[in-house]
Amino acid sequence: MEEADSKYPLLPSEREDVLEDCNLWTRTEKRKWLCTLFIGTSALYASRTSVPLLVPAIALERKWSKTNSGTVLSSFFWGYTLTQVIGGYLSDRIGGHKVILTAAVGWSLFTFCMPDIIRLFSAQETSVNFIVIMRILHGAFQGVHFPSMSSLTSRHLAEKERTSFFSILTSGSAIGTLFTGTFGSYLLDYYGWPAVFYVIGTIGVVWTLVLRKIALALERRKAVINSVPCKLHSSLRVKDNIPVPWIRLFQRSEFWSCVIGHACQNNCFFLLLSWLPTYFHDTFPEAKGWVVNMVPWLFCIPSTFLGKWLSEKLIAHGHSITYTRKVIEVICLGSQALGLILIGQTKDYYWALICMTLSISATGFHNNAIIVNPQDLAPQHSGSVFGLMNTVGAVPGFMGVYLAGYILETTNSWVAVFQTTAAINMFGCVVFLVFGSGNAIV
């Protein structure tokens, strides 16, 4: 065997292709991981959106002000911001499945224990402060999920499969939000708000057990590959230890346009995610909770697949990745801004629901543009790059959500909140349209 290797040596590019093929998932593994990560993303978002759904009921019981509610809602994103980069970095080094599993144990248990956490203190100020700390930790555990998923899929999927695979996984966020809005609303109406936390927390714990089984199978597969006495494999294993070229990334406008565009879209998404139930509760108190918490998110699912289909069509017709990413992102940010502007001009419940649906469902296009852009810009470091992008993107999560609560407390004006958000969206749209790219820069 050694004589054959020396007689017919592989070129460096051929050796890398062989090693890459060893790491790629089989068709069966793809299906298992697609289903598992999709369900996990759904459970993650069900956990994340439980507090926004329940804040009106909890605030009424605990006598919270709008500022208190805004602080509790936004505090999740303080922790969410802190773990993005470290989550991507660890995933690139030790494997995304390990990071996802460890974090899932944390956020599942926090969700399950949230009713006891909320009721632990009777004094309002002490209670709010303690809940804020717990929400920060909850956000920290969830912050590693998407960077880890980006790293995991980049490592085990062929380049042409990554975009569609990852966009399907991110659509699980709509399913999770939809689950909370429908079944969570039912539990809230008939069993009280603690039941929502208990059910969603239990789902998260069960999912971690399933993920552990799938992850162990992946570890056994890696052990088999690593045990093969192959000089080729050992000589190229150093590929995992390539440092992230942050300085080169920071010097490129393509990278910053991706980060800024994501931050602007996240500002809109997190604001609607956090304040949507409160908006309809305050503006249209007669509206059924399950309707307003279900309909807007229901359309996220087809819009994600529509964005995927449109992306594939544009590429198939010869358009570049750069052109495709820009078109899809402009549809997202522009549609969201339009819906926000229109919702501020109507007092009709049905028109408000339509406008809100337009703004929220447009997120599906974002899942096929900027969300997958780190895999375009830095294929070898997508987990780390996604983590930094999501770190900056999470900043509007706590600043924007808290600021919205402050504006509502002082002016009671939803129009001011929506118009400010629409303007931020258009800024991000222009930046990505001018400087965005779908080509690798490192």
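Every residue, even glycine, has its Cβ placed from backbone N, Cα and C.
Heads up, TrEMBL stuff is auto-annotated, nobody curated it.
As given in TrEMBL:
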TRANSMEM  33-59  transmembrane segment
DOMAIN    33-442  domain 'Major facilitator superfamily (MFS) profile'
TRANSMEM  71-90  transmembrane segment
TRANSMEM  99-121  transmembrane segment
TRANSMEM  127-144  transmembrane segment
TRANSMEM  165-184  transmembrane segment
TRANSMEM  190-211  transmembrane segment
TRANSMEM  287-306  transmembrane segment
TRANSMEM  327-344  transmembrane segment
TRANSMEM  350-373  transmembrane segment
TRANSMEM  385-408  transmembrane segment
TRANSMEM  414-435  transmembrane segment
Given pairs 6 or more apart, does the transmembrane segment (33-59) have at least three Cβ pairs under 8 Å with the transmembrane segment (165-184)?
-> yes
Where else in the chain does the transmembrane segment (127-144) make close Cβ contacts, counting only residues six or more beyond its ends and a cut-off under 8 Å?
-> 44, 47-48, 51, 62, 64, 68, 71-72, 75-84, 86-88, 90-91, 99-100, 103-104, 106-107, 110-111, 114, 117-118, 120-121, 387, 390, 394
Tertiary contacts of the transmembrane segment (190-211), as residues 6+ beyond its ends and Cβ separation under 8 Å | 36, 39-40, 43-44, 46-47, 50, 53-54, 57-58, 61, 97, 100-101, 104-105, 107-115, 180, 183-184
Report yes or no: does the transmembrane segment (327-344) come within contact of the transmembrane segment (99-121), defined as 3 or more CB pairs under 8 Å with a sequence separation of 6 or more?
-> no
